[in-house]
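Peer 1: According to TrEMBL, the feature transmembrane segment maps to 35-62, 118-144, 193-213, 219-240, 296-318, 720-743, 763-783, 870-890, 948-968, 980-999. Feature annotation from TrEMBL assigns domain 'ABC transmembrane type-1' to 39-361, 724-1011. As annotated by TrEMBL, domain 'ABC transporter' applies to 396-632, 1046-1284.
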Amino acid sequence: IYNLDNLRNGSDKTKEKALTVGFFQLFRFATWKEVLMMVVGGVCSLVHGAASPLMLLVYGMMTNTFVDYELEVQELADPNKTCINNTITWLDGTVAERPDNSTTYCGVDIEAEMTKFALYYVGIGVGVLILSYFQIALWVSAAARQIQRIRKMYFRKIMRMEIGWFDCNSIGELNTRISDDINKINNAIADQVSIFIERISTFIFGFMVGFIGGWKLTLVVIAVSPLIGLAAGLMAMSVARLTGRELKAYAKAGAVADEVLSSLRTVAAFGGEHKEAERYDRNLVEAQAWGIKKGAIIGVFQGYLWCIIFLCYALAFWYGSKLVIETKELTPGGLVQVFFGVLMGAMNLGQASPCLEAFASGRAAAKSIFDTIDREPEIDCFSEEGHTLDKVKGDIEFHNVHFNYPSRPEVKILDDLNVVVKAGETTAFVGPSGSGKSTTIQLIQRFYDPKEGMVTLDGHDIRSLNIQWLRSLIGIVEQEPVLFATTIAENIRYGRPGVTMEEIIEAAKQANAYNFIMDLPQKFDTLVGEGGGQMSGGQKQRIAIARALVRNPRILLLDMATSALDNESEAIVQEALDKARQGRTTISIAHRLSTIRNADVLVGFEHGRAVERGTHSQLLDRKGVYFTLVTLQNQGKDTDSDKPESSEYGDFWKRSLRQRTHSQMSNNIPDAISGKFEIHSDQFEIEEEETNNTKSKGEDKEVIEAAPVARILKYNRPEWPYMLLGSLGAAINGSVNPIYALLFSEILGTFSIQDLDEQRRQINGICILFVSIGVMSFFSQFLQGYSFAKSGELLTRRLRKVGFQAMLKQEIGWFDNPFNSPGALTTRLATDASMVQGATGSQIGMIVNSLTNIGASFIIAYYFSWKLSLVVTCFLPLIGLSGVFQAKMLTGFANEDKNALEAAGQVSSEALSNIRTIAGLAKEKHFVSQYEEQLQTPYKGAKKKAHVYGICFAFAQCVIFMAFAASFRYGGYLVSNEGLPYMMVFRVISALVTSATALGRASSFTPDYAKAKIAAAQLFKLLDRVPKISMSNTEGQSWDDFKGQIEFKGCRFTYPSRPDIQVLRGLEVSVHPGQTLAFVGSSGCGKSTSVQLLERFYDPDEGQVLIDGRPSVSISVPFLRSQIGIVSQEPVLFDCSIAENIQYGDNSRTVSMKEIVEAAKKAYLHDFVMTLPDKYETQVGAQGSQLSRGQKQRIAIARAIVRNPKILLLDEATSALDTESEKVVQAALDEARQGRTCIVIAHRLSTIQTADIIAVMSQGVVIEKGTHEELMARKAAYYKLVTTGAPIS
């Protein structure tokens, strides 16, 4: 019966990946010793499985004894009868014959018999204790040993993989595989197997006992059991289908939520929050309906199941009693034995099914792990092959090298590259980001092999050299040096094995690091913190240089080694590098001129080719790549020398970063090669880290207090009638078990009635009662299922709606936090809200059910015999505990292992996230051994736990046998000494024992409850959060004659998600109503940011944005946004028709078709729309995918015009278009600008020459402003940009 819930869970888990490993393949790493352990354990569980059916044999014999005794007592009640030679005789010596000419056996010594049975029970109990201990302990410890082996092999294999493999597998995923997937394998090969064997053996022996006891009855019971199986199967199927339907229906709403959250800026800009919340809610209705159907159907099937079970009871007892009384081919004990044997077998078969689930998920998990273990790395860093050169000069050459990263095969990085690096010279690589500079360095280290061509060292192809040896020649200093979480001395020691302290100090001196290290309190033993977090950028950099120098490398690779430093540290580090370069082949990649001017040779890169080569002055004369970089870098010097001017770099940087894998390449290019640099570029690392960890640590970081149930129920208040009905149903269901105990003992009682007619009448009566209970429980189960489903679904819908509304109320900055990315939020809506159900309806049902169950059982037991009840009650806590234990067995002890593996997990995640550095230092073996060391403690713990777990399990299994022994022995005493009718003994014991086991099981269904409370707490945290920028209509001012005068006064601003980068550094600019202001400048200089401040997506940290002379902070947000129309570079369209998209421009009213056409005409859109078959009803597809960019852009313009705004913001509105569409769109924009205040952000200078004010921005400030003519006359930055025609961005 109890397998229903498992079936339900099973069907919810969508089919596991079809790719799995064969079950016995899971044991492929077992040694013969472990195989032996598992075989012995398996035999133990097989024998243990036979114990319960054995107990039934004893139980049957005992029943017969009780019935005989009862008959004897009834006969001897006649004063004329006595017992001679174990036969009832009349006082005159003639044998008393019964009506059917049989004699009656007498002289049953009930107490002696009971003692014998009690000893049997104790014997079986002790056997079970020993067997079940071995069964568990052997399997669990064998599994622990295998898992230990798999973990080691897996990690060792990962550390051997080439870097390209890591690009294609996310670090986060590998970490979860190491922890979760291996745990899944563990679950599949440990205790679950032995429990599965035990259950199957009980199933077989149960049926055997049935057939031995009485084959006719067994066959009758078996004949009905398919009905139960059928119900269970049907239920599983229909639940799966319905869940699918429900998910599909919710997917629609989820898609709405996802669409809205992904394009939140657009929704906010057009004030569409309310509209979207309604649209979301409309889609929830369907999901709710399916959810309720699912609840009702589960209710029907559960009711049907219980009903069938009771009808089976009725049938079995009716037919069984016929066999006992009329044909006498069964004894009363035989009847009990057959019936329970079959029932027990069937139940155990059902309970074996969750084990299958564990096996399946283990096999699926093993697939990826075994695949990795079997994979041969393309570049094996542990291999001994390849030769070493005795003398290394250090000439490096690239011959026609073609290369692309394995993770992005479609992007060609190196395209027929030819470069020569001469020994002992310093060669500098320059060029925009993404031109393949860093890639060359990775090829020299042989992190990757080129697709075509070859890299040679002193004329030898580096593929023919030994990897470890090759890497030991190379010292590398990256832009983002990775330090390991240990001491400074250890970090330097990583450079080369067996380094002395003197050498470390020498290296530190060469790296200009010695002095600052000696100033630290612990000197060389200072811990650098996780990822070197305790050190400043300059200090980390110098430690990394010392680490590179201690290797005494022939080749030194400097990948932007100083870019992340401020001027002062830069000078120091630069000096250290200049010292280090002497007499070594050095390749330097840099973005600051100061660092590369003094290189021997400069090589200019573009699009993966080396396009120019020569000294600083030669290249300046060539006027090529290098020249552009230099001019762009010096452009700011004339106007404002302390503000570094931004360069082409910045833009390349932004662009290429989008395509980059997350290797630490030229992340964060300070926009000027000269000049100040105030950013510590940890931010990428940080974000990178965060996104990886939000999965793993995100949950731990926020310790969420579980929500109070009262508050959850408050949200469910409107459904109280449903909850009341559900509780009523639950109460009836709870009382079914005790009633069953009552009827069962009545049946046994009827066998000792002398009068046959009376006996038959009673049996029929009891069977009818059974039937009626079955029918009643059908209705009550349905009632409980349906009512709670209804209230739960309504609650889920309500919570989803308020959750979604609360999300839309948050300010934009909140969404920048990776923890609140659209994906995370949509899953939160989908799962958290539906999990909360677990804390209300079903939970209440569970509690009511258990309480009535216990209450009724106790009343029945104590009413009929309080003495015996007391004895049984003593065992109850133990039996209950054993129920809890068994439930825990099912879920396994997996969670406890997880914490033990934390330390090993830290080693593995540190190793995986810094794999490049480790490979560069050839330290893989070191980390492997460190990891294996960390595994020792959890492994010892696991072996110890195997025994503890075995003992607990053994105790839980044998307690019921002991309870039976004691209570039946005492029951026998009461029957013989106090004349207690024997049926009362059965009644009390079965009532209490069934209720206890039911209780234990009930407690196991509460995990959802804890989860639900946490999910609820997360939702409430969202609902209670007060947004920093309030969206309500009432707060803030609004006024009628809105003019559109805008002024930025000293605005400083940093994005909340990147607090270490100041985007605006004192923006000063104003624009009068009706004027057009144009912002020019490279990416990242704060152009778009100023627009976002105007829309009040963010508020400035310092300074003010004044609109019509009022500070924006005091203005009502909906009012302000209603005055602004925005057309952005990548316009966001919603998945509906063109007309609806244009209507979106004004959500405060319904826009008439006339206005739509009007706006479309102004946007030069109307003619194009009329050519479409569905005209304005044409669907634009998700994110407008059915339309071209120019068409999307014009719809966006029409949408902005419908709004009739006073202020128009054009954020690079034409940059993404080809020339033709651009002309059309440009014309549309010029029309739209008439009579409105307009702010334009542009890339192509041609588009902004007509602007009233042009402001050239750099690094968050305006460096010059004026009309086109004025600026051209100044011959400063703007003039340069126009004349060189250099792309700004």
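Including glycine, each Cβ sits where the backbone N, Cα and C put it.
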Peer 1: Using a cut-off of under 8 Å between C-beta atoms, tell me which stretch among 39-361, 396-632, 724-1011 contacts the domain 'ABC transporter' (1046-1284) the most.
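Peer 2: Ranking 39-361, 396-632, 724-1011 by Cβ pairs under 8 Å to the domain 'ABC transporter' (1046-1284) puts 39-361 first.
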Peer 1: Please check if the transmembrane segment (35-62) comes into contact with the transmembrane segment (948-968), where contact means 3 or more CB pairs closer than 8 Å and the residues in each pair are separated by 6 or more positions.
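Peer 2: Judged by the Cβ rule, the two regions touch, with the required three close pairs present.
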Peer 1: Using a Cβ cut-off under 8 Å, which residues of the same chain at least 6 positions beyond either end of the transmembrane segment (720-743) come close to it?
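Peer 2: Contacts with the transmembrane segment (720-743): 306, 310, 313, 766, 769-770, 773, 776-777, 779-788, 790-791, 840-841, 844-846, 848-853, 856-857, 859-860, 987, 990-991, 994-995, 998.
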Peer 1: May I ask for the residues of the chain that lie six or more residues beyond the transmembrane segment (980-999) and have a Cβ under 8 Å from a Cβ within it?
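Peer 2: Same-chain contacts beyond the ends: 63, 66-67, 69-70, 737-738, 740-742, 744-746, 748-749, 752, 850, 853-854, 856-858, 860-861, 864-865, 868-869, 872-873, 876, 879-880, 883, 960, 963-964, 967-968, 971-972, 974.
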Peer 1: Thinking of Cβ pairs under 8 Å, which stretch from 193-213, 219-240, 763-783, 948-968 has the most of them with the transmembrane segment (296-318)?
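Peer 2: It is 763-783, which has the most Cβ pairs under 8 Å.
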Peer 1: What mean pLDDT score does the domain 'ABC transporter' (1046-1284) have in the model?
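Peer 2: When the pLDDT values over the domain 'ABC transporter' (1046-1284) are averaged, the result is 78.
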